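Engineer: Mind having a look at this structure? Questions to follow.
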Amino acid sequence: MGANSRVNDDEAMPLTGHGAGSRDSIDSSSTASISLTLVDGASHTATEPSKSTNGHKSHTEGSYVNEKYHDSEEESWREDGYVPSGGKPAQRRTRIVFWLLVALCVGGWAMAFIIMATSPNNRHSTSDSSSGGSESEIVKPNTPHDGKKIPLDDVLGGMWGPVEHTISWISGPKGEDGLLLQKSEGGIGPYLHIEDVRNIHGMRANNNSIVLMKESVFFVNDERISPEKVWPSPDLKTVLAMTREKKNWRHSFTGLYWLFDVETQTAQPLDPEAPNGRVQLASWSPTSDAVVFTRDNNIYIRNLTSKAVKPITTDGGANLFYGIPDWVYEEEVFEGNSATWWSLDGKYISFLRTNETMVPEFPIDFYLSRPPGYTPEPGEEAYPYVQQIKYPKAGAPNPTVNLQFYDVEREESFSVNVDNNLKDDDRIIAEVIPASGGKMLVRETNRESYIVKVTVIDAAKREGKMVRSDNVDEIDGGWVEPSHSTTYIPSDPSAGRPHDGYIDTIIHEGYNHLAYFTPVENPKPMMLTTGNWEVVDAPSGVDLKNNVVYFVATKESPIDRHVYSVKLDGSELQMLNDSEKSAYYDVSFSNGAGYMLLKYQGPNIPWQKLISSPSNEDFYDEIIEENKNLARLSNEFSLPSLHYSTITVDGFKLPVVERRPPNFNETKKYPVLFHLYGGPGSQTVNKKFTVNFQTYVASNLGYLVVTVDGRGTGFNGRKFRCIVRRNLGYYEAHDQIQTAKEWGKKPYVDKTRIAIWGWSYGGFMTLKTLEQDAGETFQYGMAVAPVTDWRFYDSVYTERYMHMPQHNTEGYENASISNATSLSQNTRFLIMHGSADDNVHFQNTLTLLDKLDIMGMHNYDVHVFPDSNHGIYFHHAYKMVHQRLSDWLVNAFNGEWVRLRNPKPSGLKRVIRRLLHFG
């Protein structure tokens with residue numbers, strides 16, 4: 001569930017909470033762990049993309065072999081050695097057997113017909129009453145109805161992922177705007193270089209072109225070094241390069257670091273005394289003269305004028321982290337691997353001290369795999385490898401965090417105490433924003449995320465004060481949504497800004513809007529946006545020369561995204577992209593906001609172009625990606641049509657999208673698969689172009705697929721979102737059930753064949769919906785990596801929406817999947833989970849299975865993927881999990897699970913054996 005990340009239609013996403021929604025899946029181009037959106041090979045960035053860019057490599061795991069599926073009954077006959085016709089021995093006996101078989105088959109067929117005709121579970125009649133929904137838009141594919149069906153392997157393999165170019169914007173040494181960091185592939189041109197955005201193809205000479213690394217390899221003491229990640233210094237004279245990367249958690253990694261001199265094209269270890277020491281994090285000073293880094297959980301500093309490395313801390317260890325987050329802060333708070341911040345003048349370093357001594361450990365067992373370099377002790381080869389994770393579950397002790405400071409010139413560490421009434425065990429440091437003059441803006445929340453406090457700390461004076469305090473519980477009963485987009489605005493009297501300030505997203509009249517606080521100590525802001533719509537991860541960019549703020553918002557529709565600009569005084573709000581069409585845009589701005597990478601992401605074929613901002617007098621407009629191959633595919637294959645509408649439940653308008661199969665015929669009866677995620681603040685119904693598992697189900701299997709974003713999801717206002725506070729699962733499930741009831745009234749829907757499925761939070765919602773519905777509307781469900789008890793999930797995420805279990809015992813009981821009697825009313829359901837899931841622990845599924853065992857239930861199937869984490873990838877498991885979903889769903893809608901509800905032994909085999917024996 002991690003913190004804020006752009007998420008859309010997400011299957012294997014981790015639980016995520018707010019902002020733009022959930023994390024990536026096989027179709028999402030957002031921020032996540034398991035995206036199959038393709039990044040063009042020629043555009044892989046040499047540095048980590050900035051917060052306003054999205055780009056994720058395909059997570060395919062090689063090729064897959066089509067497996068043969070055998071009918072078990074057919075195989076058993078072969079084992080009996082029965083020959084259906086002919087054969088020399090015992091022809092008379094064979095004829096007797098033949099006629100007995102005929103009689104038995106006819107009788108069996110007749111009996112089966114009577115049973116099926118009288119069974120309510122097999123009546124496929126539906127009500128002809130109309131739905132309560134209102135249809136608003138249909139997105140039809142370009143493909144002919146007789147086009148090819150989309151194979152599942154093509155979807156999982158990334159064939160349908162749009163090519164997305166990620167751009168690493170970089171400022172020039174003199175503040176030049178519109179520069180890109182580029183890495184050449186295939187040995188063509190210099191390996192690492194800076195180009196002007198107007199010369200992105202390198203076709204003409206440009207004064208802003210700078211070669212940083214001529215070759216893709218360099219040598220240190222005869223050792224051949226091939227950099228995997230690079231970070232140029234702000235003055236572009238040195239490159240920090242990393243090799244031998246080892247992945248840690250979702251965002252964190254370690255590696256060996258090197259300093260590469262641009263002028264001499266030579267390199268040296270970051271720490272000459274420990275060249276093989278694995279570094280967890282490293283970052284440049286704004287003045288380019290030093291690098292601060294964390295190794296073995298301690299912080300060090302290396303000044304470029306010396307080869308000496310100086311320790312800033314020395315007591316870091318297994319339970320004490322400096323400058324990097326622990327697991328829960330990485331996953332749920334920062335969404336990244338850094339907890340170190342330089343002051344803008346480079347004179348001070350602030351860093352987080354994280355103490356997780358009191359945090360309980362959770363074991364993750366690996367039965368088949370081992371960490372790189374790990375060798376079991378002799379005699380222990382047959383035992384699982386157990387990884388212990390400090391994982392604070394809901395109500396358990398959290399890590400305690402404190403913000404520390406280091407004076408670079410004086411070489412001394414210190415802390416600044418600010419009394420804001422948050423105790424150490426009730427504090428989450430959510431965001432740190434460097435400001436001018438050695439100042440830092442610090443956003444803190446209480447543990448249950450309903451109190452937010454903003455503090456200004458002056459490192460030079462070693463003092464600080466609280467400048468803002470809000471109690472969201474008193475505003476709307478909701479929660480504070482984590483932010484990573486707060487933007488500092490320096491003072492500039494010549495530009496009309498006499499004081500410094502910052503832009504933040506706040507709650508205004510029930511919606512998330514942009515506010516400008518100036519001076520920074522002012523608790524009352526100037527509103528930059530207002531209305532019944534919301535800003536998204538805003539601001540995207542700020543033009544300080546012209547006092548213009550750029551942002552993405554849902555002003556036209558909750559399921560649309562458009563790019564807007566507004567003046568710092570709140571005037572001249574305008575849309576920058578095509579205002580006449582419903583669409584989904586994203587944007588990435590250059591550091592000075594003079595240029596932008598505009599990304600059209602749907603509903604039609606995505607494209608990208610580089611353009612100058614409206615405030616930039618130097619006009620520029622160039623398309624860099626049209627996804628022609630994707631357009632070609634969409635003309636060859638039959639894609640479903642998308643029908644967008646809203647349905648009103650309890651006075652709330654819920655966005656819905658229905659995928660109809662090619663050659664849809666309203667006179668036929670179609671089974672329906674509901675797909676959902678449903679996590680707080682997430683969004684699954686939107687106008688992005690996606691070809692995913694849902695597309696495959698509609699296109700290849702010919703089923704209807706419906707997705708509804710119920711209450712609790714994002715971008716429909718705080719009232720819509722925060723109603724789920726303290727009671728996760730209830731309203732969300734209610735909305736799925738009511739929507740399914742309305743869909744069951746449609747003349748083309750077979751209401752006796754309705755299923756629901758989801759992954760992660762969607763897995764929880766699948767089970768909660770089945771539990772609440774008790775077989776009345778949904779007959780089938782498929783839950784992947786589900787939460788079944790919120791006491792098992794991490795504290796930061798869970799308590800944000802549920803409070804601590806100690807303060808909401810009844811809510812936790814209600815939110816757990818515990819009513820086995822209700823689940824027994826469904827025809828059948830499927831649960832799948834990875835045994836090494838470090839996010840939603842396998843404990844969730846095992847606990848539910850125990851409850852089902854106690855009740856003697858048997859209307860479910862379980863598939864466990866050994867050593868797979870939350871994404872379920874190990875040993876081609878990602879292919880398997882989707883193939884199992886597909887096969888299981890086909891069997892469900894073919895009535896196979898109805899047949900298995902009351903299995904009876906077949907006497908046919910015994911009769912034949914006896915006849916063969918005595919004949």
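Heads up, the Cβ atoms here are built off N, Cα and C, so glycines get one too.
Okay, so Swiss-Prot annotates it like this:
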type	residues	note
COMPBIAS	44-55	compositional bias 'Polar residues'
CARBOHYD	Asn207	N-linked glycosylation site
CARBOHYD	Asn303	N-linked glycosylation site
CARBOHYD	Asn355	N-linked glycosylation site
CARBOHYD	Asn577	N-linked glycosylation site
CARBOHYD	Asn665	N-linked glycosylation site
CARBOHYD	Asn814	N-linked glycosylation site
CARBOHYD	Asn819	N-linked glycosylation site
TOPO_DOM	1-95	topological domain 'Cytoplasmic'
TRANSMEM	96-116	transmembrane segment
Engineer: Per DSSP, to which secondary structure element type does Asn577 (N-linked glycosylation site) belong, with helix, strand and coil as the options?
Structural biologist: coil
Engineer: Whole-number Å only: compute the distance from the Cα of Asn355 (N-linked glycosylation site) to the Cα of Asn577 (N-linked glycosylation site).
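Structural biologist: For Asn355 (N-linked glycosylation site) versus Asn577 (N-linked glycosylation site), the Cα atoms are 47 Å apart.
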Engineer: For Asn577 (N-linked glycosylation site), which residues in the same chain are close in space, meaning a Cβ under 8 Å from its Cβ, but six or more apart along the sequence?
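Structural biologist: In sequence order, the residues whose Cβ lies under 8 Å from that of Asn577 (N-linked glycosylation site) (at least 6 apart) are His562, Val563, Ala583, Tyr585, Leu598, Tyr600.
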Engineer: State the Cα to Cα distance, in Å, between Asn819 (N-linked glycosylation site) and Asn665 (N-linked glycosylation site), rounded to an integer.
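Structural biologist: That separation, Cα to Cα, works out to 39 Å.
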Engineer: Counting only other Cβ atoms and using a 10 Å cut-off, which of the glycosylation sites Asn303, Asn355, Asn665, Asn814 scores lowest?
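Structural biologist: The glycosylation sites Asn303, Asn355, Asn665, Asn814 were compared, and Asn665 has the fewest Cβ atoms within 10 Å.
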Engineer: Fill in the CA-CA distance, Asn665 (N-linked glycosylation site) to Asn814 (N-linked glycosylation site), as an integer in Å.
Structural biologist: 41
Engineer: How big is the Cα-to-Cα gap, in Å, between Asn814 (N-linked glycosylation site) and Asn303 (N-linked glycosylation site)?
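Structural biologist: Given the Cα positions, Asn814 (N-linked glycosylation site) is 56 Å from Asn303 (N-linked glycosylation site).
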Engineer: Return one of helix, strand or coil for Asn303 (N-linked glycosylation site), based on DSSP.
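Structural biologist: DSSP call for Asn303 (N-linked glycosylation site): strand.
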Engineer: What mean pLDDT score does the topological domain 'Cytoplasmic' (1-95) have in the model?
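Structural biologist: Across the topological domain 'Cytoplasmic' (1-95), the average pLDDT comes out at 33.
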Engineer: Around Asn819 (N-linked glycosylation site), how many other C-beta atoms are within 10 angstroms of its C-beta?
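Structural biologist: Asn819 (N-linked glycosylation site): 16 neighbouring Cβ atoms within 10 Å.
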Engineer: Reduce the DSSP letter at Asn814 (N-linked glycosylation site) to three states and note it down.
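Structural biologist: Asn814 (N-linked glycosylation site) sits in a helix per DSSP.
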Engineer: For Asn819 (N-linked glycosylation site), what is the secondary structure state per DSSP, taken as helix, strand or coil?
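Structural biologist: Note: Asn819 (N-linked glycosylation site) is coil by DSSP, not helix or strand.
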